[in-house]
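Positions annotated as compositional bias 'Acidic residues' by TrEMBL: 375-384. Per TrEMBL, domain 'Cytochrome c' is recorded for 266-363. The region 'Disordered' annotation in TrEMBL covers 366-390. Per TrEMBL, the feature transmembrane segment maps to 41-62, 82-99.
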Amino acid sequence: MIPALTNMTIAMPLLADAHKSFWFPEQASSFAIGVDWVYDLILYISLAFFIPMMAFTAYSMFKYTKKKGEKAESQVTHNTPLELAWSIGPSFVLVWMFIQGSISYLDMRTPPEGSYDIGVQAQKWNFTMDYGGGTFHNELHVVKDEPTKLSMRSTDVIHALFIPAFRVKKDIVPGRYNYLWFKPIVASEKVSDEELAKAKKQSEGGGVWDYDKYQFTPEGYRFYDLYCAEYCGKDHSEMQTAVVVHETQEELDAWIKANSSRGDISMVEWGQTLFNRRGCVGCHSLDGTKDGYTGPSFKDVYGFSHAMASGEELMADDNYIRESILDPKAQVVAGYSPVMPTFKGQLSDDDIASIIEFLKTLSANGESAKSPADGDTENADTEVETTPAS
Ligand code: HEC
Ligand SMILES: [Cu+2]
C-alpha cells in the first residue's frame, strides 16, 4: 500500500500495533493495512455524522415536546443555504472515500508481473491448489513477501475464495479464469514437536484432521483461514481450508517436493491422505454414515456388488473404483445424484491404486475380492492395516 496510508494507519489510535487490527483478523498481507484504513475512514466519518445527528434529534424531542392538546408552532419547510451546505459538503466527503477506496482496489486488481502462480480449482465442496508438476493439495502454501497470484477456476458453480487475514476475496465463475493476488507479510509459526505429536496421537484413526480444534495443520503450521464466501448453495460454508506462509521460497519448494507423491509411506496411508486432502472427505464417510453426506459411505464398498441407477448390479472391484474416480457419471450408484466431479488428470495411477488399497481396509470383503482384469495391484502392500474410523 501507499506509504502515506501506512503512516496514517499507525497513527490511528485503534491500530497502534502494526499487524493487529481492532475489528478484523491479523493484518497478514500488504493489502490489509490499506483496506482497514479505508474501512476505518468510512466508519469514523459515518460516526462523526451519526452521533451529533442522533444527539440533536434526541435533544429536540425533549426540548420541543408539547403537552396533549397544545397546538404545534411554526413549521420551517425550507432553507436554501442550509440545504446546499448539507448536499455539497458531504458529496466532497463521498468523493474522497471513493478515491481512497479506488486506490486500494486498483492495486488489488492488478497482479504484478512475475508473481508466483498457484492454480486453484474450486468444486463442490472443496478447493484444490495446483502447485504444478502434478502436485495438488487442499492447503494453500505461499511465501512471505512474495507477490502471489492465484489462477482460479471452478468445475461447477460459482464459488468465492476469501482469505480474511489477507483482505482478499474473489468470485470464481465457471467457464473462465479468475485471478487474485496478494503479498503475505507475516510467516506462519510452527508449533512445538510435542504439541504436534500430542495432536497426531489424539486424531489417530479418526481419518479427518480437525483444523478448528488444533488451530494448526497436520504438519504443525499455524495457519490463516481460507473459505468459500458464496452462500447460495448447500455446502459452500463447508469449503474451508488453511493458508500457510513460509519464510523462504526454499522452504516452500521443499514442502511441495515432500507432498508431490507418495514417497515411502504405504499405499494405504497415502490413500487415506488423499481421501482427506483431495476433498473425498466432504462427500464420503468412512464408517457407514449416510446422513449429511452427498455420496455413499466407503465402508463395505470394495468387493461388494451393488445396484446402479441404470438397473445393473456391479461388483466394486479395482476397475469399477478406478472408473468411479475418473469418470463418475459412467456408472451412478442407485439412489444418488451424479454430482461427483471427475478426478481425471488430477490423480496419478499410483494415487488411484493407493485409494483402492485404502478402500480395501474399510471393507469386510477387502481381501477376498480380486479384479479379474487387473492382476498387478495384488502384490501391493495390503498387509499394512490401519484402523478405520468408527
Ligand atoms: C461432491 C461430492 C463428492 C466428492 C468430492 C467425491 N465424491 Fe465420490 N461420489 C459422490 C457421489 C454422489 C457418488 C454416488 C453417485 C455416483 O456413483 O456417481 C460417488 C461415488 C463414488 C464411488 C462409488 C461408490 C460406490 O458405492 O459404488 C467411489 C469409489 C468414489 N465416489 C470415490 C471418490 C473419491 C476417491 C473421491 C476423492 C478423490 C471422491 N469420490 C470425491 C460424490 C462425491
Ligand atoms: Cu463454494
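Including glycine, each Cβ sits where the backbone N, Cα and C put it.
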* pLDDT averaged over the residues of the domain 'Cytochrome c' (266-363) -> 89
* Asked: Of the residues in the domain 'Cytochrome c' (266-363), how many are helix, strand and coil by DSSP?
  -> 36 helix, 8 strand, 54 coil
